[in-house]
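Per Swiss-Prot, the features are:
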- 8-48: coiled coil (COILED)
- 57-234: region 'Disordered' (REGION)
- 57-70: compositional bias 'Low complexity' (COMPBIAS)
- 84-115: compositional bias 'Low complexity' (COMPBIAS)
- 124-206: compositional bias 'Low complexity' (COMPBIAS)
- 276-310: region 'Disordered' (REGION)
- 289-317: coiled coil (COILED)
- 337-582: domain 'Alpha-type protein kinase' (DOMAIN)
- 635-674: repeat 'WD 1' (REPEAT)
- 683-720: repeat 'WD 2' (REPEAT)
- 741-780: repeat 'WD 3' (REPEAT)
- 783-820: repeat 'WD 4' (REPEAT)
- 824-861: repeat 'WD 5' (REPEAT)
- 864-902: repeat 'WD 6' (REPEAT)
- 909-941: repeat 'WD 7' (REPEAT)
Amino acid sequence: MEDNSFLKLSKKIEKILEKNDYLKKKVEQLTKSVDNHEFKIQELLLLLRKNNIHPTTTTTTTTTTNNNSTCVGISNSPPLSPRTSTDSMTNSNNSSATSSTTPSPTQTSTITTTSQIDPNSLTNSNNSFIPINSPISQTTVNNNNNNNNNNNNNNNNNNNNNNNNNNNNLNNQTITSPLSTSSSNSNSNSNSSSPIVSPVSSPQLSGSGNRPRIQFLGNGRMPSTGNLFKKEDSSDSLLKYSKDSEHLYIVPTTPRPSKSPSMDFIASTSLINTVSSNNTDSTNNDNSSILNDQQNQQQNQQQQNQQQQQEEINFITTEDKLPNLPDSNCQWAIIWEYSANDDEWTKALIIVEIDAKPFAKGALRNAYQLKIRSNAMQCFNHFATPIHEKYMEGKKLNLSQIPKLNQNLSLDTLYVAKDSKTSVNFNRYFEDVKMQMVCKSYGERYNSNHPPKKIEFLSAWVIEIQGTTNYRVGNRNSSNNTLYGLELFMKGEFKKQNSNFGTVFTERNTPQSFSHFTYECTTHEMVVVDIQGVDDIYTDPQVHTKDGKGYGEGNLGQKGIEKFLISHKCSPICLQFGLPPIGLETGRNAHRVIRGTMLLPDLTPDLYEPEYPLIENQPSNPLNSELTSIVHLSGHDERVCSLLINQDKTKLYSASADGYVKIWNLTNNEDLSKIQMIDSFRAHRRSIEKMLLNEKYLFTASSDGTIKIWSLPTTTTTTTTSKQSSSSSSSSYECIGKLEDHTAEVNDMCIDIENNFLVSCSFDKQIKIYDLSTFKCIKSLNAHGKSIKSIYMSGKYLFSSSNDQSIKIWDLEMCMCVYGMNDAHDAPITSLRMFGNRLFSASKDGEIKDWNLSTFQPTTTLDQHNMAITDILVTSNGYLFVSSDDSTIRIIDISNQNEPIKIISSTKAHRSGVNSLATDGKRIFSGGCDNLIKVWNWKNK
C-alpha cells in the first residue's frame with residue numbers, strides 16, 4: 001500500500017514540476033541535499049552495526065512536589081532510522097522538557113546525562129580520535145525535594161544553590177543523535193560543563209560542490225519483453241524517471257562504510273577526555289553520586305596533563321625530536337592524501353629517496369622513481385610555510401589523522417613521482433590526485449556489481465620535497481620546495497584504452513563499460529574517460545562533468561560527455577549492470593547490442609580447457625594415414641546413439657535408440673580386438689541421446705524428456721551376452737533418481753565439476769541447471785528460439801547451439817547470456833567443441849567453422865561433408881575426428897593455430913550414418929545407425 005501511495009504521489013508531483021521550472025530546480029537542489037545527509041547517515045549506521053552498537057534513546061521527565069510524585073512524561077524512543085529528522089527529535093524532546101514547567105522554590109532539579117562511550121575506543125595508535133557512533137544519550141531529569149532523606153544537609157544546600165542553573169539547563173537541553181555525541185553533567189558539586197559536539201554539514205565530493213547522487217537499490221533491469229538477455233528472476237524495479245524525454249537509470253550499487261573518519265565526527269583531545277571522564281563518573285556513581293570540588297579539580301588537572309602529553313606525542317615541533325635521515329640521498333617530504341568518501345585531506349611528514357634523473361619523459365611530465373623510507377609522521381609543523389595554507393584554501397584538512405599510504409607495503413616498494421615540465425599552478429597537482437581518488441572510489445562501486453573482470457585505480461598523493469642546499473632534483477636546485485604527484489610504480493605494457501575526446505583505442509569492453517557505469521551512476525552528471533594503465537590497473541583518468549566545474553582543465557563539460565556518448569558501444573557488461581543501451585530508444589532493440597560486440601577478449605583467460613584424450617599410437621605420418629577396422633561389436637537391436645569411456649579407460653558404455661545401455665570390458669590390452677560385454681540394462685523406454693559419468697553416477701538423457709541417475713557398481717560383474725541376461729533385473733546398475741523438468745527430448749548434457757552442477761539442454765528450447773547434491777533444478781534459462789542441440793562448458797562459461805542457427809555464451813554465475821551470434825551457420829548447429837582459444841561448430845549442412853575466441857570471427861570454414869555432422873571427437877594431439885550422417889569419419893588437423901584447418905583422412909565407416917565417437921587412447925570407437933559399434937586403429941597407409 002505504501003508503494004502504491006508513493007507512486008501516486010510521485011506522479012502528482014511530476015505533473016506539478018513539469019509546469020513550474022523554478023520549482024523543479026528547487027526540488028532537485030533539495031533532493032541532492034537530502035541525499036548528501038542520507039549517505040552520511042547510512043555510513044554511520046553501518047559503522048554502528050560493525051561495532052555491535054545499538055542506538056537507543058530513553059528520556060524520562062519526573063516532577064516531585066512535597067513528597068508526591070507526578071509523572072509528567074515518559075518516552076522510550078526506538079533506534080533512529082536513516083530518514084529520522086534531527087529537527088523532529090529536537091522538537092519532541094524540547095516539548096517534553098517544557099512540560100516540566102518552572103518548579104517551586106522547594107524543588108531542586110538535577111540533569112544527569114550518560115553516554116555509552118568506551119573511552120578506550122576513542123584513540124588509535126597515533127593518539128588521534130577515531131569517531132565511533134555512540135548510542136543515543138540517556139537524559140534523565142530528576143526534580144528532587146529538598147527534604148529528601150537520601151541527601152545530607154550539604155547536598156541540600158548545594159542543590160538549592162544550583163536550582164536556577166538546572167532550570168535553565170532543563171530548557172536548553174541538547175538532544176544527541178547518531179550524527180553527534182552530546183554530553184552534559186551538572187550536579188551540585190560540579191562547576192564545569194562539558195563541551196558539545198554538534199553536527200556540521202556533510203562534506204561535498206565533486207568539483208562542482210555536489211556529491212554525485214547515488215541510489216543504493218537492488219538488482220534491476222530494463223522492462224522489456226523482447227530482451228532475450230533479461231534475467232528471469234530479476235524484477236523491473238530499476239528506478240527511473242523522465243526528464244526532457246530522457247530516461248535516467250540509477251545503477252544498483254552497494255553502500256560502503258567510510259574507511260576514514262570525516263570532519264563531521266572529529267573532536268579535540270580535551271573534549272574526548274572530558275566526555276570519557278564524565279561518562280565514567282556517571283556510570284561508576286550510578287547517575288546519583290556527588291563528587292566534592294577537590295576531586296573535580298584533581299581530575300581536571302589530570303585531564304590537562306594527559307592532554308599536554310598527547311599533544312607532545314602527536315605534534316613534534318622541535319628540531320631535536322626529528323629522527324635523522326637514513327643517508328645523504330634521503331629527503332624530508334610532506335605528503336597529502338585525499339579521501340573521496342569524506343572529501344577531506346590529511347597530511348604527514350615522510351622520508352623519501354628520489355632519483356636525480358627521470359626514468360621516463362612524456363609530453364607534459366617527467367617521471368622519477370621514488371622510495372618511501374619511513375612511516376608517516378605528524379611532525380609536519382617543523383616544515384610549515386605560508387604556502388601550505390594556500391594549498392588547502394577551499395579544502396577540508398583533517399589534522400587529527402595522517403595519510404594511510406599503503407600500510408602493507410615494504411619500504412623498498414617503488415613509487416613514481418611526476419612533475420610538470422612547464423610551470424603550473426599548485427592546484428593542478430591537488431586536482432589530479434583528487435580526480436584519481438574519486439575514480440578509485442567509483443571503481444570500487446563498479447567491482448561491487450561483480451563484473452567479469454574487476455578494475456583498480458592506483459592510489460595517488462601529492463608530495464612536497466623539502467629543499468636542501470646540497471641536493472639537486474632533475475637538474476634543478478631544490479632549495480624551492482618541489483611538488484610531485486605520487487603513485488605506485490606499475491610493471492607491464494602500458495596501454496591507453498580511450499581518450500579524453502571520445503576516441504576508443506581497443507576492443508576491450510571493461511574500460512568502456514566502466515565509463516558507462518559512471519555516467520549512469522551519477523545520473524548523467526559526470527563520466528570517467530581517458531582510461532589507461534597496465535591491464536585493468538588504471539591511472540591518470542579524466543572526469544567530464546555536466547557543468548564543466550572542477551577536475552582540471554581537461555574537464556570538457558557537457559561537450560566531453562557528448563563525445564563519449566557518440567563513440568560508446570554498449571557491451572553485455574552494460575546489460576549485466578542494467579545500464580540502458582546508449583543510442584537505443586527501447587529495450588526491444590537490446591539484442592542489437594550483443595551482435596558484433598566484443599566481450600570475449602576480457603574472458604578468454606577464464607576459459608578452462610579439459611583434458612582431451614591422447615592418441616598414443618598416432619601414425620608417424622598423419623598426412624598419409626587411414627583408419628582400419630579391428631572388430632565389430634554387435635549387441636544392440638537399434639541404432640547406437642551415444643558412446644562413453646570411463647575415466648580409467650577400462651569400460652565402454654554404449655546406448656541405443658531402444659533405451660538400452662551396454663557396458664563393455666576394455667581391460668585386455670594384449671589383444672585389442674577382444675572386447676566383451678559385461679553388463680546390460682534398459683534405462684529408458686525411448687532413445688538415449690547422451691551419457692555422462694562422474695565419480696559416483698552414470699547419467700542418461702533420453703528423448704522421453706527425462707534424465708536418469710544410476711549408481712555405479714563397486715565391483716565388476718561379468719554377464720553373458722545373451723538377451724536373457726540383458727534385462728535390467730540382472731544389472732548391477734540401480735536408478736536412484738529421475739530428473740523430469742524438461743518438457744521435450746533432452747539432447748545434450750555436461751557437468752560442472754567445480755560447482756557440482758549438471759547442465760542439460762532440450763528440444764523445449766531451455767537450458768536447465770541441476771545441483772547434484774540435491775538433484776534439484778536450480779535455474780532454467782529460456783536460451784534459444786528453437787531446439788537446443790548441443791552445449792559445451794569451459795570454466796564458468798557455457799556455449800550453446802541451436803536449430804535457430806545461433807551460438808550463445810552464458811555466464812553460469814550470473815545465469816545470463818554474455819554474447820550471442822544469431823547467424824553463426826546457415827543451418828541448425830549440431831555440435832560444439834573447443835580446443836585452446838578456438839571454438840569448433842558443426843551444422844546440419846555438413847559445414848565446420850573454426851572460431852577465434854579473441855575476436856569471435858571464423859578463421860576457417862570446411863564444407864566437405866555431404867550431410868549433417870553428428871559428433872566431434874577432440875584429441876590432445878591436435879586432431880578432430882568428425883562423424884557424419886554420410887557414413888564417414890574424417891580426421892582434421894588443427895594442431896597449427898596459424899594455419900587453416902584441413903582434412904587429412906576420410907573413411908567410410910558404416911553402412912549408414914555414424915552417430916557417435918569415443919577413444920581410449922589406443923583405439924577409436926564409432927557407433928552407427930547400422931546397430932554396430934566398430935573399433936578402429938589409426939595407422940600409416
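Cβ from N, Cα, C; glycine included.
Across the range of the repeat 'WD 7' (909-941), the DSSP-based residue counts are 0 helix, 19 strand, 14 coil. Over the repeat 'WD 4' (783-820), the average per-residue pLDDT in this prediction is 89. When DSSP labels each residue, the repeat 'WD 1' (635-674) comes out as 0 helix, 18 strand, 22 coil, counted as helix, strand and coil in that order. Across the repeat 'WD 6' (864-902), DSSP assigns 0 helix, 20 strand, 19 coil. Within the same chain, residues 232, 686-687, 689-690, 692, 694, 697, 699, 701-707, 709, 786-793, 798, 800, 802, 810, 812, 815 sit at least 6 positions outside the repeat 'WD 3' (741-780) and bring their C-beta atoms closer than 8 Å to a C-beta of that stretch. Residue counts for the repeat 'WD 5' (824-861) under DSSP (helix as H, G, I; strand as E, B; rest coil) come to 0 helix, 23 strand, 15 coil. Under DSSP, residues within the repeat 'WD 4' (783-820) fall into helix, strand and coil as 0 helix, 23 strand, 15 coil.
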